[in-house]
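A.B. asks: Okay, so TrEMBL annotates it like this:
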- Thr14, Gly15, Ser16, Val17, Asn128, Glu130, Gly212: NADPH binding site (BINDING)
- Lys129, Ser155, Glu156, Ser183, His206, Ser219, Asn224, Lys225, Glu228: 1-deoxy-D-xylulose 5-phosphate binding site (BINDING)
- Asp154, Glu156, Glu228: Mn(2+) binding site (BINDING)
- 8-136: domain '1-deoxy-D-xylulose 5-phosphate reductoisomerase N-terminal' (DOMAIN)
- 150-236: domain '1-deoxy-D-xylulose 5-phosphate reductoisomerase C-terminal' (DOMAIN)
- 268-387: domain 'DXP reductoisomerase C-terminal' (DOMAIN)
Amino acid sequence: MTSPTRRVCVLGSTGSVGTNTLDVLARHPERYEVFALSAMSRVDDLLAQCLQHKPRFAAMPDATKAAELRAKLREAGSRTEVLAGAESLSEIAAHPDVDMVMAAIVGAAGLAPCLAAARAGKRLLLANKEALVVGGALFMQAVEEGGATLLPIDSEHSAIFQCLPEDRSAWPHRIDHIVLTASGGPFRQRDPKTLADVTPDQACAHPNWVMGRKISVDSATMMNKALEVIEARWLFGLAPEQIKVLIHPQSIVHSMVVCRDMSVLAQLGTPDMRVPIAYGLSFPERIESGAGRLDLLKTPPLSFEEADAIRFPGLHLSWQALRSAEGSTAVLNAANEEAVAAFLDRRLRFDQIYRVNAQSLEQLLPEAGDCASVDGLLNLDARARRYAQELIASLA
Ligand code: NAD
Ligand code: MG
């Protein structure tokens, strides 16, 4: 018996995770149908994706760009319907005909559509870690109440997930702690005293992964790992002290679970996002992903080292935020999004990203009720962004 085709909505389809997702989906047309796509600004990229994958819907938050896409699609004879406005992302994510949503938007902007997908009970493939870092308990509650299936796409969290049994109720008894691996990014061996001078292009030149610019800068500061610590806390229901980080420059061991009996389970593979994406799509089965074979005989020796707190001061802000008032992780995320945008814009030095993040976390305190609703969280996010923007302006 053939299984029914799954209809997939890809949020952020023109990005790095989005295009990798479409690559995997295109390998399995009998299993998956591309139902809806969305992008922020690249009209021509989204146009090309619509012509290739023929989704029923394409959504763009910006009305002018949506109109441009609509006109170009019509001219090309496409039947894809274009939706406009920020709400259109939630609309396609919660559409009754959608089975799975790939959340591949970058930043807190993905929170509302993620919650919409969760409340509508979808299989939610989460790459958009910032949404979970901001949403925290409210996000997990939406998943539970909506009867959604939340599956990690971040390679480290997919690795942990692959090392755990399907029955989630067994996780607390099984896990002593987890070890998230980190490549250390492009500045792992650079003299920390010279980090004030690095350019956006240097920060985005990741040694092992090709990714969007925001996450690339986060990898260079290790704020990406800080966000992943917070992400792991929610995905696996762990206490902050059960999450550890090790630098592993080869990015072959994608993360590890240390069990109660001290058995250590790890997931290995070449660094290719199509592996966790394919697993999220096909779980609990496995499908061909397009990734290359791991040849351990040709792989450089696998090594591990401690993250240097002087070179990577931002990493520890994750545990600090998790132990602070609820909502602190949303503050940290908002400050970091603003600081990274300012750095990419050359309004802030690389080493000042930490200063903005640490000071925002310490000074901007969440208020009671901020975390009780999406509006409360978005309000907190906006306050933290304003605080960080003022700080960035004062540092210029
Ligand atoms: P990217 O910048 O390459 O793509 C982002 C996508 O989101 C684009 O399609 C863009 O149009 C859309 N987008 C951006 N801002 C938006 C907004 N305000 N509203 C609606 N859409 C918006 O980013 P990426 O590298 O693909 O990363 C996406 C997410 O996945 C991030 O949260 C990142 O941390 C996570 N992630 C990425 C990788 C990777 O290999 N790239 C790995 C693990 C996790
Ligand atoms: Mg990751």
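Here the Cβ of each residue, glycine as well, is placed from N, Cα and C on the backbone.
For each listed feature, how buried is it and what is near it?
C.D. replies: Counted within 10 Å of its Cβ, the other Cβ atoms near Ser16 (NADPH binding site) come to 19, all protein chains included.
The Cβ neighbour count for Glu228 (1-deoxy-D-xylulose 5-phosphate binding site), using a 10 Å radius over every protein chain in view, is 27.
On the 0 to 100 pLDDT scale, the model's mean across the domain '1-deoxy-D-xylulose 5-phosphate reductoisomerase C-terminal' (150-236) is 96.
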A.B. asks: Can you give the largest Cα to Cα distance in Å, as a whole number, for the residues Lys129, Ser155, Glu156, Ser183, His206, Ser219, Asn224, Lys225, Glu228 that bind 1-deoxy-D-xylulose 5-phosphate in the record?
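C.D. replies: Binding-site diameter by Cα atoms for 1-deoxy-D-xylulose 5-phosphate: 19 Å.
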A.B. asks: Per DSSP, what is the residue count of the domain '1-deoxy-D-xylulose 5-phosphate reductoisomerase C-terminal' (150-236) in each of helix, strand and coil?
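C.D. replies: For the domain '1-deoxy-D-xylulose 5-phosphate reductoisomerase C-terminal' (150-236), the helix, strand and coil counts are 48 helix, 11 strand, 28 coil.
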A.B. asks: Mind computing the max CA-CA distance among Thr14, Gly15, Ser16, Val17, Asn128, Glu130, Gly212, which the record assigns to NADPH binding, rounded to whole Å?
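C.D. replies: Of all Cα pairs among the recorded NADPH binders, the widest measures 18 Å.
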A.B. asks: Could you state the whole-number distance in Å separating the C-alpha atoms of Glu228 (1-deoxy-D-xylulose 5-phosphate binding site) and Asn128 (NADPH binding site)?
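C.D. replies: A Cα-Cα distance of 11 Å.
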